[in-house]
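Structure record follows, encoded as structure tokens.
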Amino acid sequence: MKDLLKFLKAQTKTEEFDAIKIALASPDMIRSWSFGEVKKPETINYRTFKPERDGLFCARIFGPVKDYECLCGKYKRLKHRGVICEKCGVEVTQTKVRRERMGHIELASPTAHIWFLKSLPSRIGLLLDMPLRDIERVLYFESYVVIEGGMTNLERNQILTEEQYLDALEEFGDEFDAKMGAEAIQALLKNMDLEQECEQLRQELNETNSETKRKKLTKRIKLLEAFVLSGNKPEWMILTVLPVLPPDLRPLVPLDGGRFATSDLNDLYRRVINRNNRLKRLLDLAAPDIIVRNEKRMLQEAVDALLDNGRRGRAITGSNKRPLKSLADMIKGKQGRFRQNLLGKRVDYSGRSVITVGPYLRLHQCGLPKKMALELFKPFIYGKLELRGLATTIKAAKKMVEREEAVVWDILDEVIREHPVLLNRAPTLHRLGIQAFEPVLIEGKAIQLHPLVCAAYNADFDGDQMAVHVPLTLEAQLEARALMMSTNNILSPANGEPIIVPSQDVVLGLYYMTRDCVNAKGEGMVLSGPKEAERIYRAGLASLHARVKVRITEYEKDANDEFVGKTSIIDTTVGRAILWMIVPKGLPYSIVNQALGKKAISKMLNTCYRILGLKPTVIFADQTMYTGFAYAARSGVSVGIDDMVIPAKKTEIISEAEAEVAEIQEQFQSGLVTAGERYNKVIDIWAAANDRVSKAMMDNLQTETVTNRDGVEEQQVSFNSIYMMADSGARGSAAQIRQLAGMRGLMAKPDGSIIETPITANFREGLNVLQYFISTHGARKGLADTALKTANSGYLTRRLVDVAQDLVVTEDDCGTHEGILMTPVIEGGDVKEPLRDRVLGRVTAEDIIKPGTADILVTRNTLLDEQWCDLLELNSVDSVKVRSVVGCETDFGVCAHCYGRDLARGHIINKGEAIGVIAAQSIGEPGTQLTMRTFHIGGAASRSAAESSIQVKNKGSIKLSNAKSVVNSAGKLVVTSRNTELKLIDEFGRTKESYKVPYGAVMGKGDGEQVAGGETVANWDPHTMPVITEVSGFIRFTDMIDGQTITRQTDELTGLSSLVVLDSAERTAGGKDLRPALKIIDANGNDVLIPGTDMPAQYFLPGKAIVQLEDGIQISAGDALARIPQESSGTKDITGGLPRVADLFEARRPKEPAILAEITGIISFGKETKGKRRLVITPLDGSEPYEEMIPKWRQLNVFEGERVERGDVVSDGPEAPHDILRLRGVHAVTRYITNEVQDVYRLQGVKINDKHIEVIVRQMLRKATIDSTGSSDFLEGEQVEYSRVKIANRDLEANGKVAALFSRDLLGITKASLATESFISAASFQETTRVLTEAAVAGKRDELRGLKENVIVGRLIPAGTGYAYHQDRMRRRAAGELPAAPQVTAEDASASLAELLNAGLGGSDND
């Protein structure tokens, strides 16, 4: 009995294992799994419904159909367990063995396994070094293959057609051996000597020079080595025995009406068995060769269909014309085993219902309908009822609950107390989509949700539904309370800002409460404290907005963490004094002494959390909510039509704009501007007009002028309802108010181009039919986009999670000195992100020195919290080197110091935190907010007037970087380089502003000159790009042939003529290869050289360029030779939003990437070919020069004789991340990807911490390619896990051997996920077949390191609370203490248990 109990305990424990290995199954192994051979295609008898003997459901092979009962009924009941009935041959045991016992089919002829044949690259083909087509022709009996050449001139593996075979037979007789079909391939594979082949290939590899051959050889060597090392035999890729799946995994269920529902696998197996039996019979009869051959081919096809239907030829379809689901289909895809049953399971103890508001709840509570609670907590209630003796049996308890007796409700109350439940709203995009609450029982049928957690769930109350789950075990309840409770999730893991922030009504209420008003009732009173303020407000003696003096006591923490009070009289308003009553001790009064908008409230809660900690913040947040709701109700703010005040200036602004447009139209008709320029200018005019109208409107709404008590006029901020809602951040924005009371403005077509007639009306005036019709375009586009976006965003999140899922914090400090240099993000005159936001919560990589001194301000390895950041700001530090996960030296994980602060908790990150998944969720969750294209606010085109000048905001000195310029005839500098940057440096040498200066801009100030604030330093024409000459001389046209490469356009109105270069598409055949160009020559007709080089000045003209000069005209340096009309920004290919983020993470090469210098050296140009120039870089140390061919149409940024650094831009374009990694290193590529991704998110106003993006970049960089092997056993050109190389090199260096040299690879997230070491994780992601095939051939072991693998095998994940469990397991295993198995078998135990139960129920065994 003791043994039995011991065993039952052990039953609940799973078998301990450390790794999963996948390999090819040998025929003997398949036979050893099997419990008998399936010989007949029959399934069950249609009359008795009993399984047929030897059929696909045979009870003798697979086990009994009923528990402990043989098929013929001779042996029933438990006492006969283990007996094999002599009549029907069935073992008496549990019926669940039908889920695990397999059978087999002995194939009459070998068949190839289609996965190893057709999954590219074909493993069989690679092993035999034969093309797949040839192998297929052999397998499907179209040609012969020579197996032994013998003494003949036939090679082994040679393919012979029928005729060739017959000729050879006549010539050589039986000297040689040639066969067809799978047995031929099997023989070839059997005869291979893998080790010898391997040696031979290695020799070849050392001798060969050709790159392609090397690649092919390495591939074969890798495959052969995999076979040798894994112990797989090549001939096992050909099946001679086919395993049969246990019958309960391919069920056959009788439906009513005599029909059966069956799994497709049964049909597929039936075909195989039928064909196999027929083939056996034909072989016994010694049938003619051609018939046997046909039958063998059909058998091969049947086995193919069973393993992977549709991979070869047409898929076999069932009766309903649908392709049958084969074994491969069972495991792959969203509906396959991995994603449907292993990674996502449905759970019991859950319910769902509509949500509604619970404004009276506390933050940690939710309202749960009584009906739901009763159903969810049933087992607990039954238990309690029995425990109290209110019900004698479970059955009685059940009856009581069904009758809903009064006592049941009391018990329910007890059960629910302190038992948290989980609330989840789909889609769960980040971890805050599931939180724990304490249930409060309510009447009704809707779940009540606390308003402050809506932001985290992204929930609203327009009919959203939520699911409730009950954590059952004690551990689960503990985790729910300690980790998942809504009160523990105040900060967002994406950016560390509070996510429990009031919104909408609450914000409006607090804003209304803290506004001040001139001449309000009770102005000028002096009050003794907040209590009195509330009293006089309630009594109606003073208005909420009255400006008064109040005595306030503020508390501050001293050195001993005691609160010290300080009382003073402060100018404030009645409302602010009342609000002060709920602010916790320890915060300054200045925090409420302002009109509180949404940002201010968020900041207030953040400050509270940082100063006072979690508990006061939660209480404070709750209080603000109650107060906000109360005062929003009192304020009576609502929207009426008169709140939308249309500015008086509107008509005048619009008529001015119309006049300007008419003028441009005239210029166009007289040929001064091209169609494209006209369109752009018109759009610019309207965009500017729109801005002016909205400015006039906002000025009008914002303030009204009132005379105060002293008779002085002052600007009073308006109490207009619409304005208050927008200003407080409760609802609406300036852009929306503009459409209500300004003008709707320009609209976009669905393709993103902007319609040039704007909608001048607004919604208050109403739209006419045409205007309404124009606006429907954009509005519909918005809806269609949203639908597409959601799916795309979800897929991006899935790829991110998959690539980062196994990244966990595994140690405290890796001790690296590597780091990333952080500087503020400056775009134009604005600091987009100050330094403090970028370094807050990171760990310093080196000491920070106080600027201008040698004093250490912050030591290395300091976590920069708010106080440290204040210190940095105080000393105006403008660059800090911080630790980053990309440089972390930890193997298979990250250290806490390189990660820094846990954003959701505010302290340094704990070991075991799953930072990979957090990063993926933080990047993926806002994905739905990113637009697919970057313009549209309700369809209105948001496009500012194009920039045409640079105006600095502060005073300072100018610094130009990578600038080249010439002085034009007017003595002004003209920029002739393409990625010039202009920085404004203040007197301390800090960068204040930074601008991009385009090619062709005229500079008002030169490098190093001083400028005053507001001065314009550069200007240019935004709509055309000039081609500027760098030398003076005369023009000579080359290849400019009228009608072939150029056409002359004469304007009818003005008679001005200009030349337009034709696009290559528009040219005649003769003009295709011509390169129109302008050459500059001197008076004698000789080429003028570009200064500082020996290149002639020749300017190639791209298509569409307009030349307004004639051949032979004299020009001077800095003049424009031609104009290239720029397309508007609407159609310029800036992939915005989500697709851009996906491109960056997939590390896709841009279409025409920038060309970067491969080495540092001096530029020169070699011999040109027809369409390309030869760029030569000669290194300074005299080593081998580097050559590259560059197409002539690429604009070059460098001149002959110029010195370039490795990684400098030679020719413009978007940079390819792979090039950046290769030439500038890991940190540069990290910086590039981080900044580019952040740009997209910043545009949408989404804040994400850089850390998260760095985590993903680390995962993209986790592979390395071996350049030279050293003493290691890697192959050259092999791609290996970066950690593996590091560990191997450490060992080699420790033993004084030569380390392997490698270069880091940048993989896109999909590639990186598929290249992970764990084949289980990769197979559950994408391309399941390919991953499993590769893994099986290599005999891979999965060490179950990541999260996904552990979820799939059903273990605790090695992160979070499971981290300790896994660490402990590793320790125990290292110490060699693994739990001993009990001495009872599963069968015995469950049987004895059943016997006990029967005895207890008074049943007797002897009837």
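Numbers here mean position along the shown chain, with the first residue as 1.
In case you wondered, yes, glycine gets a Cβ from its N, Cα and C as well.
Features of the protein shown, as given by Swiss-Prot:
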- Cys70, Cys72, Cys85, Cys88: Zn(2+) 1 binding site (BINDING)
- Asp460, Asp462, Asp464: Mg(2+) binding site (BINDING)
- Cys814, Cys888, Cys895, Cys898: Zn(2+) 2 binding site (BINDING)
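Location within the structure of each feature annotated in Swiss-Prot.
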residue	record	contacts (Cβ under 8 Å, 6+ apart)
Cys70	Zn(2+) 1 binding site	Ala59, Pro64, Lys76, Val83, Cys85, Lys87, Cys88, Val90, Glu91, Val92
Cys72	Zn(2+) 1 binding site	Cys85, Lys87, Cys88, Val90
Asp460	Mg(2+) binding site	Cys454
Asp462	Mg(2+) binding site	none
Asp464	Mg(2+) binding site	Val354, Ile355, Arg425
Cys888	Zn(2+) 2 binding site	Cys814, Thr816, Val894, Cys895, Cys898, Tyr899, Arg1258
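Listed in chain order, the extra residues whose Cβ falls within 8 Å of the Cβ center of the Zn(2+) 1 site residues Cys70, Cys72, Cys85, Cys88 are Leu71, Gly73, Lys74, Tyr75, Glu86, Lys87, Gly89, Val90. In the three-state DSSP classification, Cys898 (Zn(2+) 2 binding site) falls within a helix. Taken residue by residue with DSSP, Cys814 (Zn(2+) 2 binding site) is part of neither helix nor strand, so it is coil. Annotation note: Cys85 (Zn(2+) 1 binding site) sits in a coil segment as assigned by DSSP. Mapped onto three states, the DSSP output places Cys72 (Zn(2+) 1 binding site) in coil. Counting Cβ atoms from all protein chains shown, Cys895 (Zn(2+) 2 binding site) has 22 others lying within 10 Å of its own Cβ. Taking every protein chain shown into account, Cys85, Cys88, Cys898 are the binding-site residues, and of these the Cβ with the most other Cβ atoms within 10 Å belongs to Cys898.
A simple way to gauge crowding: the CB of Cys814 (Zn(2+) 2 binding site) has 19 other CB atoms within 10 angstroms, across all the protein chains here.
Under the DSSP three-state reduction, Cys888 (Zn(2+) 2 binding site) is assigned to coil, being neither helix nor strand. Classification of Asp462 (Mg(2+) binding site) by DSSP places it in coil, neither helical nor stranded. Residues Asp460, Asp462, Asp464 make up the record's Mg(2+) site, and a Cβ search at 8 Å around their centroid adds Ile355, Ala459, Phe461, Gly463 from the same chain.
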